[in-house]
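Asks: Shown below is the structure under consideration.
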Amino acid sequence: MRVVVIDYNGGNLASAAQAARKAATRKGIEADVVISRDATDILNADRLILPGQGAFADCAQGLGPALRNMLETATANGTPFLGICVGMQLMCEYGLEHGRTEGLGWISGNIRRMDEAANASLRLPHMGWNTLDFTPGAHLLTDGLIPGNHGYFVHSYALHDGADSDLVATAQYGTQVPAIVARGNRCGTQFHVEKSQDVGLTILGNFLRWTS
C-alpha cells in the first residue's frame, strides 16, 4: 500500500507519516509511507493524508491550485483521504481565519472562531485531551473505540453550519465541536490523531483498511 502525506509546507508532516507507519505495523499492513507533493505520487496513492497546523488561510495558500487539483482528481477517483486538524478544516466550503478563504468544498459548513462569549469559562485555544462522543458501529473509523475515549485537540477555530450526515464524532467544549467528519471516501479529524496515542493509532489503522 502506498500512503502519501501531502507536502504543502504545513506542520506535523513527519509526525503524521511516522504515526501512519506505526498504525500500519500494528494492523499488519505493508505500507510505504512517503511525504510528497509530486503529482505521480499523489495520483497513484492508495491513501492520502493531509495534516495541518496553523491558520486556515496559510494552509490553503500552501496547497495552491496545483495540489488542490491533484487532490480533487485523486479523491474523485475514489482514493481515501484523511485530513488532520487544519487538514480537516480545509475540507469545508470556506474559512474565516485571517479573512475569508475558500476551502476544498467537500463537506458543508465553514470554519469560524469558537465563541468565548458563549461560555465565560471557555479558553482558547481548545488544547488538550477531550472525550469523543459517537455511535459505535456507525463508521469504520471508530472501530475498536468506545464513546468516552480521548483525542488530543489544539485549535481555536472549528467547523460551523455543517451537515449532520457528515458528523461521525463530536466533543464538548462550551458547545458541540465536530471531531470527526466523513463524506464518501473523504474524512477528517479535528483532533491530532498523530498525538492521540492508542486512539489516534486505532483511527489511522482503520483508515488504512477502510474502503468507502
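Cβ atoms here come from the backbone N, Cα and C positions, even for glycine.
When I checked Swiss-Prot for this same protein, it listed these features:
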- 2-212: domain 'Glutamine amidotransferase type-1' (DOMAIN)
- Cys85: active site, nucleophile (ACT_SITE)
- His192: active site (ACT_SITE)
- Glu194: active site (ACT_SITE)
Asks: Using a Cβ-Cβ cut-off under 8 angstroms and a sequence gap of six or more, which residues of the chain neighbour Glu194 (active site)?
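Replies: Once residues fewer than 6 apart are set aside, Glu194 (active site) is near Asn12, Ser15, Ala16, Gln18, Ala19, Pro51, Ile84, Gly200, Leu204.
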Asks: So what pLDDT does the domain 'Glutamine amidotransferase type-1' (2-212) average out to?
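Replies: Its mean pLDDT is 94.
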Asks: Given His192 (active site) and Cys85 (active site, nucleophile), what distance in Å do their CA atoms have, once rounded to a whole number?
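Replies: Cα of His192 (active site) to Cα of Cys85 (active site, nucleophile) measures 6 Å after rounding.
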Asks: Counting only residues 6+ away in sequence within the same chain, which have a CB under 8 Å from the CB of Cys85 (active site, nucleophile)?
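Replies: Listed in sequence order, they are Asn12, Pro51, Gly52, Gln53, Val154, His155, Thr189, Gln190, Phe191, His192.
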Asks: So how many other Cβ atoms are close to His192 (active site), meaning within 10 Å of its Cβ?
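Replies: Its Cβ has 22 other Cβ atoms within 10 Å.
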